[in-house]
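Residues or ranges marked as domain 'Sugar phosphate transporter' in TrEMBL: 17-283. The transmembrane segment annotation in TrEMBL covers 15-35, 47-68, 95-113, 119-139, 146-162, 174-193, 205-228, 240-264.
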Amino acid sequence: MYKNLEEHNRLVNKYLKIFFVVSLYWCTSILTVFVNKHLLSSDTVNLGAPLFMSWFQCVVSTVICFVASRLSRKYPSVFTFPEGNPLDIDTFRKILPLSVLYTLMIGANNLSLSYVTVAFYYIGRSLTTVFSVVLTYVILRQRTSFKCLLCCGAIVIGFWLGVDQESLTEVFSWRGTIFGVLSSLALAMFSIQTKKSLAYVNQEVWLLSYYNNLYSTLLFLPLIIINGELESIITYPHLWASWFWAAMTLSGICGFAIGFVTALEIKVTSALTHNISGTAKACAQTVIATQYYHDVRSALWWTSNVVVLVASAAYTRVKQLEMMRQHQQRSTATQKA
């Protein structure tokens, strides 16, 4: 009786922990999108320098990682952070390709968000799964099942339907849509390259994040100049306002928190569950955005969202079943051997 009660309590605590972590991921992710959108194109802030904002987010994340690293050395019993030297030339050479993709990913992401609405933001970046399948075949020569390809086809159809319906509105932006697609491509390439780069840092995710953010602060500087943001920053009327830098710092903290809670969610659940959670979160984010900004959308526009969300969830489910089947086959082969 007592054993059953203890088992029940452990199960309840486990589910509560999962619920808390997933809720934390949802809140942090949605808050980050809305904060970034407010900084980029609201009437009160309207910074007009998305790459500068991306650079500052990397600066905040780098400072947090640096402080955590120092505290870990001084108080190892309280703080833990993996050892590493980001100034090592060999490390820089090995991690730089990933940092280039990281810079491209978050830069294109914020450029997209500066042009499109939050409601359309998910559709604009919905091709990550499709690009992952294509790049997995092109780079890794790994084939994808027919069922997964069908899901990818449905995602593409949903994407084009969403673009078609959004183009009928006054707020549609081809530039924002293209940056969204570019961000999806960069994310797919980043995910593949991350697996390779983790081997250089002994599979330490936080150390890799530290290096990425530090190197990206350097990579963003010429891009800010090329994008013509330097003049916008210098002439910005609220540049020395304390509330502006408070908002920018909040955006940077949110950017760092996203990485933390994403890793935490994957740790307490799984990468597959994280993908499902991300899909469901995108649905909630779209609904919240349409209500918050009083956006009115057509039935076909909503249909495009449903198609993308269902197809993405179906792809995740198909991959889950394939992984389970492969695991069972390996277990059977091991037992026979």
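All residue numbers here begin at 1 and follow the chain in the order shown.
Using the three backbone atoms N, Cα and C, a Cβ is placed for every residue, glycine included.
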Check: When you check the transmembrane segment (47-68) against the transmembrane segment (146-162), do you get at least 3 Cβ pairs under 8 Å, counting only pairs 6 or more apart in sequence?
Finding: no
Next item on the list: Pop the mean pLDDT for the domain 'Sugar phosphate transporter' (17-283) in here, whole number is fine.
Entry: 87
Note to self: If I count Cβ-Cβ pairs under 8 A between the transmembrane segment (240-264) and each of 15-35, 95-113, 119-139, 174-193, 205-228, which range comes out on top?
What the structure shows: 15-35
Next item on the list: Grab the same-chain neighbours of the transmembrane segment (15-35) for me: Cβ-Cβ under 8 Å, and only residues 6 or more beyond its ends, written as numbers and ranges.
Entry: 113, 118, 121, 247, 250-251, 254-255, 257-258, 261-262, 264-265, 268-269, 274, 277-278, 281, 284-285, 288-289, 292
